[in-house]
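*Asks:* Feature list, courtesy of TrEMBL:
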type     : residues                                                                                       : note
ACT_SITE : Cys240                                                                                         : active site
BINDING  : Arg59, Tyr187, Gly188, Gly189, Ser238, Asn355, Ala356, Arg357                                  : substrate binding site
BINDING  : Lys196, His216, Asp267                                                                         : Mn(2+) binding site
BINDING  : Ala239, Cys240, Gly241, Lys242, Thr243, Asn244, Arg357, Arg388, Phe481, Gly482, Asp483, Asn484 : GTP binding site
DOMAIN   : 2-208                                                                                          : domain 'Phosphoenolpyruvate carboxykinase GTP-utilising N-terminal'
DOMAIN   : 212-566                                                                                        : domain 'Phosphoenolpyruvate carboxykinase C-terminal P-loop'
Amino acid sequence: MAEVAALTRPDAIHWCDGSDEESEALIAQMQADGTLLPLNAETNPGSWLHRSHPDDVARVEHLTFVCTREQADAGPNNHWMAPDEAHAKVDALFDGCMRGRTLYVIPYCMGPIDSPLSRCGVEITDSPYVVANMRLMTRMGADALARIEREGAFVKGLHSIGELDPERRFIMHFPEELTIKSYGSGYGGNALLGKKCHALRIASFQARNEGWLAEHMLIVGIENPQGETHYVAAAFPSACGKTNLAMLIPPEGYRRDGWKVWTVGDDICWMRPGADGRLYAINPEAGYFGVAPGTSAKSNPNALETIRKNTIFTNVGLTADEQPWWEGLDNGQQPATDWRGNAYDPDQGPAAHPNARFTVSAKQCPSWSPMAEDPQGVPISAIVFGGRRASLVPLVFEARDWTHGVLVGAAMGSETTAAATGAVGVMRRDPMAMKPFCGYNFADYFGHWLSFDKTGAKLPKVFHVNWFRKGDDGKFLWPGFGDNLRVLEWMIGRVKGEAGGVETPIGHLPTADALNLDGVTLSEEAKAKLFGFERTGWKAEFDSIGEYLDGYGPRMPQALRDEQQRIAGLLAD
Ligand SMILES: Nc1nc2c(ncn2[C@@H]2O[C@H](COP(=O)(O)OP(=O)(O)OP(=O)(O)O)[C@@H](O)[C@H]2O)c(=O)[nH]1
Ligand SMILES: O=C([O-])CC(=O)C(=O)O
Ligand SMILES: [Mn+2]
């Protein structure tokens with residue numbers, strides 16, 4: 001602490017206790033200096049708008065580094081810098097950077113405060129906006145500090161918004177030192193260090209050493225009419241549907257029959273084997289930092305209800321009477337002001353930034369699962385991988401076993417989204433949705449995943465989904481959202497050995513009558529593309545997967561190469 005203060009030279013130091021009084025004082029201060037703008041108190045009580053710097057609206061993967069002693073340990077999947085060089089580079093930026101500002105010390109706990117699966121950290125930041133967000137996203141304050149004092153070990157995070165200059169911006173990770181240094185951005189995954197930096201990049205590294213998994217996954221409980229709940233963990237890349245699936249509302253007929261959906265987590269999942277051999281998962285977060293555009297009463301009513309009060313909106317548009325607005329909200333209102341604060345002009349782009357977000361406490365979600373507080377976590381019945389694939393990839397298939405499932409995850413591809421800076425809609429490999437978040441070499445990561453298949457393990461079944469298949473007209477073929485429960489029902493049926501499947505080289509696909517499609521109208525084209533298996537296309541896909549795995553050289557586990565070869569062989573027949 002003294003060292004950090006000596007380097008950054010703040011005017012004042014504030015230890016965050018997480019109390020309501022502290023929060024109110026910070027919010028009043030941010031309202032006074034314009035960091036937060038109050039929203040319509042009638043329609044959005046306790047809610048605020050934050051406009052970030054227009055050059056600071058998303059994660060910056062090209063400026064994000066994993067700084068292990070050996071470059072090979074970070075792997076080809078990460079940007080790497082030698083630790084000494086990286087420290088020197090950012091420390092020079094941190095030098096004196098908090099002059100005239102207050103330094104906030106945020107002790108936080110990722111996961112239920114009393115869970116053996118939880119891990120703590122301390123983020124030091126000069127951004128009150130970060131403090132306000134961390135208060136919603138983590139268990140922050142006195143309880144976390146007490147646990148840190150008891151345990152001794154914690155992740156150290158240093159953050160400054162600096163000058164918000166994209167030329168002076170770095171997100172540096174030192175997994176071997178359990179340290180994060182983030183400079184020059186105030187945005188989400190770059191600045192709320194408990195989230196991507198700690199709970200994914202540093203935690204994945206720790207998890208490998210300690211025998212658990214830190215994943216970019218939602219966790220959702222599906223309760224059937226018999227009252228039995230199965231928990232599913234699903235990895236989709238950023239802005240590819242985790243929040244939506246986690247908060248799904250069952251279609252009408254399912255609701256009538258008594259199906260219920262319970263939200264445990266919407267972005268991050270920490271899992272480890274329990275005494276009974278099953279994988280148990282916790283959500284390390286306490287809130288949602290969700291994508292606003294596209295959220296509507298039709299697509300995600302639970303999210304809309306969740307963000308009715310006590311919510312921080314970042315980079316959304318405003319109506320004339322200060323209600324938040326975004327594309328796809330569809331509530332009959334019109335935007336008056338865009339996310340930059342200018343009068344809305346459709347020729348100048350969307351009213352909300354495509355990566356506009358809301359930050360809100362998880363407990364406000366109507367489908368929030370009390371099991372999210374269970375220190376033991378929830379047992380996982382199925383793991384789902386999925387991406388945004390306009391062509392080739394069917395609605396759902398099931399891996400034949402764990403090793404095949406690991407290959408399905410490793411081979412994931414998806415079209416890029418606005419969650420990170422750079423081109424949108426470009427297909428890239430995003431293994432297990434962890435391309436931007438794995439804190440070590442993917443070859444070792446796949447090896448770690450494979451290692452869970454051992455005597456006594458009762459591993460979940462593994463599936464792959466694609467909600468984003470498009471028809472010749474360029475429109476989505478599958479209705480998605482609530483109707484995704486139909487696919488989850490099939491998965492649970494497979495877990496229980498009850499639902500039918502057809503074997504193909506890529507895995508088991510549902511038989512025509514295995515999925516409940518009552519009330520869904522699909523064209524012949526849709527049926528063929530959503531439930532079909534395209535041998536020629538998959539042959540080319542597997543060649544590309546083989547090349548991708550080869551890119552990791554001899555460190556890639558042979559078992560995974562063998563599995564790719566086995567399926568490539570089946571496809572060649
Ligand atoms: N067509 C279609 N779009 C969907 C579906 N589910 C989600 N989306 C859209 O995908 C976008 C992002 O979805 P989210 O659920 O917020 O993404 P996420 O995976 O939680 O994203 P991160 O918070 O960035 O990790 C939104 O524009 C949604 O409307 C679906 O089933 N079908
Ligand atoms: O990290 C962020 O800014 C938001 C997020 O969940 C993602 O990009 O996957
Ligand atoms: Mn995410």
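A Cβ is built for glycine as well, from the same backbone N, Cα and C atoms used for every other residue.
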*Asks:* Note the Cβ centroid of Arg59, Tyr187, Gly188, Gly189, Ser238, Asn355, Ala356, Arg357, the recorded substrate site, then list each other residue of that chain whose Cβ lies within 8 Å of it, in sequence.
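*Replies:* Close Cβ neighbours, site residues excluded: Val57, Ala58, Phe289, Val291, Thr314, Ala419.
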*Asks:* Select the closest residue to Ala356 (substrate binding site) from the following recorded positions, measuring between CA atoms: Ala239, Cys240, Gly241, Phe481.
*Replies:* Ala239
*Asks:* What three-state class does DSSP give Arg357 (substrate binding site)?
*Replies:* strand
*Asks:* Out of Cys240, Ala356, which of the recorded positions has the smallest number of neighbouring Cβ atoms within 10 Å?
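*Replies:* Per-residue Cβ counts within 10 Å for the recorded positions Cys240, Ala356 bottom out at Cys240.
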*Asks:* Checking the binding-site residues Lys196, His216, Asp267, Phe481, Asp483, which are within 10 Å of Ser238 (substrate binding site) at the Cα level?
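*Replies:* Matched binding-site residues: His216, Asp267, sequence order.
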*Asks:* Report the same-chain neighbours of Gly188 (substrate binding site): residues 6+ apart in sequence with Cβ closer than 8 Å to its Cβ, ordered by sequence.
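*Replies:* Sequence-distant Cβ neighbours: Ala58, Arg59, Lys195, Phe289, Thr314, Arg357.
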*Asks:* Work out how many Å separate Thr243 (GTP binding site) and Asp267 (Mn(2+) binding site) at their Cα atoms, rounded off.
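*Replies:* Distance (Cα to Cα, whole Å): 7 Å.
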*Asks:* Determine the Cβ neighbour count for Lys196 (Mn(2+) binding site): the number of other Cβ atoms within 10 Å of its Cβ.
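*Replies:* Lys196 (Mn(2+) binding site): 27 neighbouring Cβ atoms within 10 Å.
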*Asks:* Among Ala239, Cys240, Gly241, Lys242, Thr243, Asn244, Arg357, Arg388, Phe481, Gly482, Asp483, Asn484, recorded GTP binders, what is the largest CA to CA distance in Å?
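*Replies:* So the binding residues stretch over 24 Å, Cα to Cα.
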*Asks:* Once the DSSP letters are reduced so that anything not helix or strand counts as coil, what is Cys240 (active site)?
*Replies:* coil
*Asks:* Give me the Cα-Cα distance between the residue listed as 'active site' and Asp267 (Mn(2+) binding site), rounded to a whole Å.
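*Replies:* Answer for this pair: 11 Å between alpha carbons.
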*Asks:* For Ala239 (GTP binding site), which of these binding-site residues sit within 10 Å, Cα to Cα: Tyr187, Gly189, His216?
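*Replies:* Neighbours among binding-site residues: none.
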*Asks:* Tally every other Cβ atom lying within 10 Å of the Cβ atom of Ser238 (substrate binding site).
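*Replies:* Step by step: centre on the Cβ of Ser238 (substrate binding site), count other Cβ atoms within 10 Å, giving 24.
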*Asks:* With the Cβ atom as the reference point and anything under 6 Å counting, tell me which of the binding-site residues (Ala239, Thr243, Ala356, Phe481, Asp483) are near ligand 2.
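*Replies:* From Ala239, Thr243, Ala356, Phe481, Asp483, counting a Cβ under 6 Å from ligand 2 as near, there are none.
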*Asks:* Quick one: of the binding-site residues Gly189, Lys196, His216, Asp267, which has its CA closest to the CA of Gly241 (GTP binding site)?
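*Replies:* The answer is Asp267.
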